[in-house]
Each structure stands twice: as structure tokens, then as C-alpha cells.
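A.B. asks: One structure follows; several queries about it will come next.
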Amino acid sequence: MTILFEQHDQLGSQVEDQNLSSKANDINDLVLDGGFVVPKDHKSNNGVVVPNDTVSSNGFIAPEINSFGQTFRDYNAESERQKTVEEFYRLNHINQTYDFVKKMREEYGKLDKVEMSIWECCELLNEVVDDSDPDLDEPQIEHLLQTAEAIRKDYPDEDWLHLTALIHDLGKVLLLPSFGELPQWAVVGDTHPLGCAFDESIVHHKYFKENPDFYNPDYNTKCGIYYEGCGLDNVVVSWGHDDYMYLVAKENGTTLPSAALFIIRYHSFYPLHRAGAYTHLMNKEDEENLKWLKVFNKYDLYSKSKVRIDVDKVKPYYLSLIEKYFPAKLRW
């Protein structure tokens, strides 16, 4: 599947970048995502739908506050939920090391835990709540369907993107006993590269000072063990549900396009797609796929609400997509 893009509107991006930069200067731990708009889709000369940075009059409208009455992704808001989130990131930043991630990828890359269908995995997520998320405490299947239905409304012809939205968080089953019952800090939360310097845009960056990699001279330069333009496929990123679901999809032979796998693998990589960090490690394919990730991310974040989805009503549609892009049973 070939995905084509036209030139983006630079003015809107510059204004947004300036606003984000101003906030980042005030609060080193935090880059707020509240307030940006969902891009309007349009067609190129050959009729292919492509994302654009302009505002859509008919598209998804981002709410100003989350289900707790706070600004989205405000990690400094005073609440019991925020205290839980900060403690999560403290543990995450201390324990996610280069050696730990390599060990997890080797262990879970065997895909020897469970054999089941995509929809069976969706239903398992009813048992999961993400402690790293400051915006939502609903069961995860609600979030999957909210995201998928919001994208489906605005991008009706991109069925691969609808399915990507449905499955993007399925790796959170790592929290369950049959998958090893990993701690939250090893499953959820924003992701970042290991093997190079921890960028200051990473939320609660201060806790990296307790991570042994912080003092490793091989890891504490801009490129670390990598080189500019090496491609994100060659970069070790903190372990969690993103990388696990990417491995599951790829190794089970999905026919989803590369942009879908990129979204699944890097949708929690906020330092990259919100703050622009680590772009020096990307290659040309990464740059193209990042455009779709930025579209997806706005729905992933702002579709979180208390509005319930009628699962029985939408289930047949998503089952048809699963059948189109995946085998009946997958190794997990």
C-alpha cells in the first residue's frame, strides 16, 4: 500500500511549536498536548486521501478537558490520579535500561504465551486500567473503540487506520498473569530511546538521574551507540505494550501497511512526535510514517471520554477488518 503526502501547512506548525516551546521552558518535566487541532483530510492529484495540518470544519473536535476535569496530559495537576502517574514515571525512568529492554525483547519475541484471536485480546483488555494515563481510568477496550470510531468518522476510506486504532493498545495484556503480569512501568507510559542521552522533553526527566544508563559514557551523548539517519528500526526504545504489539503483528504476518506498524510501535513515543526530539535518528521511511502517526495521535489522545461505545453495534465491522488483515489465531 502506497501512502502519498502533499506539503504540510508550515505556518500552523510553527505557531504550535512556539507555544509548546514556551510551555517547555516554564516546566521542564512537561510538554502539554492540550489545544492542538485535528488535521483536515484532503486529496492529492491522484485522489489519495492525505493528512494536512489545517483545521477541519467537519472533523473531530478536540475537547478542552479530560474526564477528570483537567487539561489533557497535564502531569503536574494536583490530584490523587496525578500522584499515581508521577510515581509510575519515577519507577519507569529508574528501571528501563538498555539491558532490560534487550532482555524483554528476547523473552517476549518468542511469542509463546498464548494463542488467541485479535478480538479475544480486545475483550481481555476489560481487565486493564493504565496507571500512567492522567486522562482516563476506564477499561481499555472503551478507549480502543473510542479512538477507532473517531478516526473512522473522519477517514472513512482508510480501513487500515480504523483497525490500527482498535489494536494499538492490545499489548497492555502484558499486565495480566497469563502474559507474565509485568509491572505497570514495564508496560505502559510514554516511551523513549535507550543507548543515547535522555532528552529533556521526556516527562519527569529528573528521575533518570537514578537510572544506571544515565552515567554510562557510551549512552549519554546525542547519538550514543547510534548514528544520524540510522532509522528507528535500529534504535532500542523503552519496553512496553507498543513494542510488544508491534512484534505480535509483524511476526504473525499481518498485511497492514508499514505506517500502521509504525503507529503501533511508536504511538507512545511522545518525545518524538510531540517535542521533535530524536528526529536525527530517523530515516526517510520514518519521516513519511510519522505524518500518519501525528494524525493518529490526536485521536488517540482526545477521543478519551466518558461517552460509551455500543460494542455489539460496531463489532461486526471490526471483525471484518481483523479477518482482512490478520490470521484467525495469533501467537502472543
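A Cβ is built for glycine as well, from the same backbone N, Cα and C atoms used for every other residue.
Heads up, TrEMBL stuff is auto-annotated, nobody curated it.
Note that the structure is a prediction, hence the values are computed from the model and not measured.
If you look up TrEMBL, you'll see ARG73, ASP130, ASP131, SER132, LYS172, GLY189, ASP190, HIS267, SER268 marked as substrate binding site. The feature Fe cation binding site is assigned by TrEMBL to HIS143, HIS168, ASP169, HIS241, HIS267, ASP300.
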A.B. asks: If you skip the near sequence neighbours and keep only those at least six away, which residues in the chain come within under 8 angstroms of ASP300 (Fe cation binding site), Cβ to Cβ?
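C.D. replies: Counting only residues 6 or more apart in sequence, the Cβ neighbours of ASP300 (Fe cation binding site) under 8 Å are THR147, ALA165, HIS168, HIS267.
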A.B. asks: If you draw a 10 Å sphere on the Cβ of SER268 (substrate binding site), how many other Cβ atoms land inside?
C.D. replies: 24
A.B. asks: What is the one among the binding-site residues ASP169, ASP190 whose Cβ has the most other Cβ atoms less than or equal to 10 Å away?
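C.D. replies: The largest 10 Å Cβ neighbour count belongs to ASP169.
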A.B. asks: Rounded to an integer, what is the Cα-Cα distance in Å between LYS172 (substrate binding site) and HIS241 (Fe cation binding site)?
C.D. replies: 5
A.B. asks: Express the distance between the Cα positions of SER268 (substrate binding site) and ASP169 (Fe cation binding site) as a whole number of Å.
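C.D. replies: Taking the Cα atoms only, SER268 (substrate binding site) lies 10 Å from ASP169 (Fe cation binding site).
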A.B. asks: What's the CA to CA span in angstrom from ASP169 (Fe cation binding site) over to ASP190 (substrate binding site)?
C.D. replies: 13
A.B. asks: Counting all other Cβ atoms within 10 Å across every protein chain shown, which of the binding-site residues HIS143, HIS168, LYS172, HIS267 scores highest?
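C.D. replies: Comparing the binding-site residues HIS143, HIS168, LYS172, HIS267, the most crowded Cβ belongs to LYS172.
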A.B. asks: Other residues near the Fe cation site, CB within 8 A of the CB centroid of HIS143, HIS168, ASP169, HIS241, HIS267, ASP300?
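C.D. replies: Here the nearby residues are LEU144, THR147, ALA165, LYS172, ASP242, SER268.
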A.B. asks: Tell me, how many other CB atoms lie within 10 A of the CB of HIS241 (Fe cation binding site), whichever protein chain they belong to?
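C.D. replies: Counting Cβ neighbours of HIS241 (Fe cation binding site) within 10 Å gives 27.
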